[in-house]
Amino acid sequence: MQSREDAPRSRRLASPRGGKRPKKIHKPTVSAFFTGPEELKDTAHSAALLAQLKSFYDARLLCDVTIEVVTPGSGPGTGRLFPCNRNVLAAACPYFKSMFTGGMYESQQASVTMHDVDAESFEVLVDYCYTGRVSLSEANVERLYAASDMLQLEYVREACASFLARRLDLTNCTAILKFADAFGHRKLRSQAQSYIAQNFKQLSHMGSIREETLADLTLAQLLAVLRLDSLDVESEQTVCHVAVQWLEAAPKERGPSAAEVFKCVRWMHFTEEDQDYLEGLLTKPIVKKYCLDVIEGALQMRYGDLLYKSLVPVPNSSSSSSSSNSLVSAAENPPQRLGMCAKEMVIFFGHPRDPFLCCDPYSGDLYKVPSPLTCLAHTRTVTTLAVCISPDHDIYLAAQPRTDLWVYKPAQNSWQQLADRLLCREGMDVAYLNGYIYILGGRDPITGVKLKEVECYNVKRNQWALVAPLPHSFLSFDLMVIRDYLYALNSKRMFCYDPSHNMWLKCVSLKRNDFQEACVFNEEIYCICDIPVMKVYNPVRAEWRQMNNIPLVSETNNYRIIKHGQKLLLITSRTPQWKKNRVTVYEYDIRGDQWINIGTTLGLLQFDSNFFCLSARVYPSCLEPGQSFLTEEEEIPSESSTEWDLGGFSEPDSESGSSSSLSDDDFWVRVAPQ
């Protein structure tokens, strides 16, 4: 018989089903995750340690090695001394790590002498080892590159290369190409070649003794440039002209290379209009002496016997065999240079994620440029765009209300993201002036506060700064450039910004009830105000005048005015069906003060109805066809089509502060092309 003490225990041990009791699974409690010693990290420790080591270096405390930097040609004991810490130099610089830890002779010496670096550059690099900061300028960048290349300081070397690439211009591009070639920096060499190709026409006319020109390149460097498909030239004459320039700069030394140089000229792309130029080319002494057979063979292959005989009255029959042999490559019909297919086109900008359309309004040719925002994460945060175009036809795109800034290089058909802007805005505008991007106007997307701050971006430095603020806030306005000044204009006021004095000046206002669009043409501001009224501002006279009204067509919902080459175009659209735009293009006749319908062959354009336009020089051979954006009126919109919700909101009027509902069109910001 069980006792009372045993009974409960036996009942507890018994399984409910009569079998063995399952084993108890022991799971860790919450406290088990927090056992053991606490581990803390001082986030300021590394910076404080580096700062303390720098203070020791400055005070020459605890230094265990002295680096003597001797000027080339000088003897030991005449150089500049740098007391340093071995551990710091070895930790920051692979060159010194090998020196001090690899069993080299210098690892046991209290003093080390260096000959292949200048003292100023070494001082900057030692400071970098202690601080992680480096100061670059036009005066020291090439010497710093050479020193950092020797000391294997990769960050400084690449920073110097990036600095040089951002400062490429007509006066230094050939020197930078030679510099990159000397150090074997492929990326910088490619960037210099691309700049030369893009500006080849201008460079072909440069010959100042104070500048390095294409004639200063080595043979290998010149051949690499002349073989580029990406040369931005309208005629092969320019390429031939540069080849002759290079040969004539040193005829005795370079003359024997004439045949090799002229092989880079694509003779198949000369036309009958080039006959006078070719006749003059054949009379040049260096051509007669070194490569007459090469050019004669090329001309005979290009023009045939009839025209060839008119160009070369007395052909050198003895050289015909060598000509045909030396010009085998010319018979392969090489492609045209990139610049030969360049066209000034009207660019349509619509929804931020849609491709941008490049259109020739006269021929109806249509191409598309991918938007850089298509694959951007959180694209719903981008509602509109602000776009401007530089004199070099680079397209700068600012997303709203985000802080993104992008640049499109037409010759490379590629987008590059630049440094983020300082402020988030919506309703802003953007303009390019003398190497700077200006962004102003609009309001804070969160608080709705109108912004007077003006952001300025330095293209060469890839940096932003705030300049003189606006005297008054701007919404629903245009920002334009005339000569060296910015003009901000809306229906009630206009201000002019002078960058040389960093100040805003008040101008004669438009004083109209409405403001639609404005652009610069012949150094005057053409403005569509109360439709169909159009007025023109002359900045020299500081006065407005009214011109003939724009054409007024019923159901037109979009008016855009742009400078297209040497013409002023008015582009209007009406929307007979959802997201289908019937586009009409008018050209302004200055003498008759009237708008002429050019009868564009564009049909229905399936594109955002609130598009805006700019004009730029692009390269159709680099672009994809855009015919898929043309449609017929009777077609039914695809079920897969999606209408993007830009989010309706009301916007306080810039002038009165009253609240009014705005259409989507008010969110699109435009800048007239230069």
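We number each residue from 1, going along the chain as drawn.
Backbone N, Cα and C define each Cβ position, glycine as well.
Quantities reported herein were computed from a predicted structural model and do not represent experimental measurements.
Swiss-Prot assigns the feature motif 'ATG8 interaction motif (AIM)' to one of the listed ranges (124-127, 244-247, 668-671), namely 668-671. If one looks beyond the repeat 'Kelch 3' (486-523) by at least 6 residues along the same chain, the residues whose Cβ comes under 8 Å of a Cβ in the stretch are 429, 431, 433-434, 436, 438, 440-441, 454, 467-468, 470-472, 474-480, 529-531, 533, 535, 537, 539, 542-544, 559-563, 568, 654-655, 670, 672-674.
In terms of DSSP helix, strand and coil, the repeat 'Kelch 3' (486-523) has 0 helix, 18 strand, 20 coil. Long-range contacts of the repeat 'Kelch 4' (524-564) within the same chain: residues 344, 346, 361, 480, 482, 485, 487, 489, 491, 494, 496, 507-508, 510, 512-518, 570-576, 581, 584, 586, 593-595, 597, 609-615, 665, 670, 672-673, each at least 6 residues beyond the stretch ends and with a Cβ under 8 Å from a Cβ of the stretch. Sorting each residue of the repeat 'Kelch 1' (386-435) by its DSSP state yields 0 helix, 25 strand, 25 coil.
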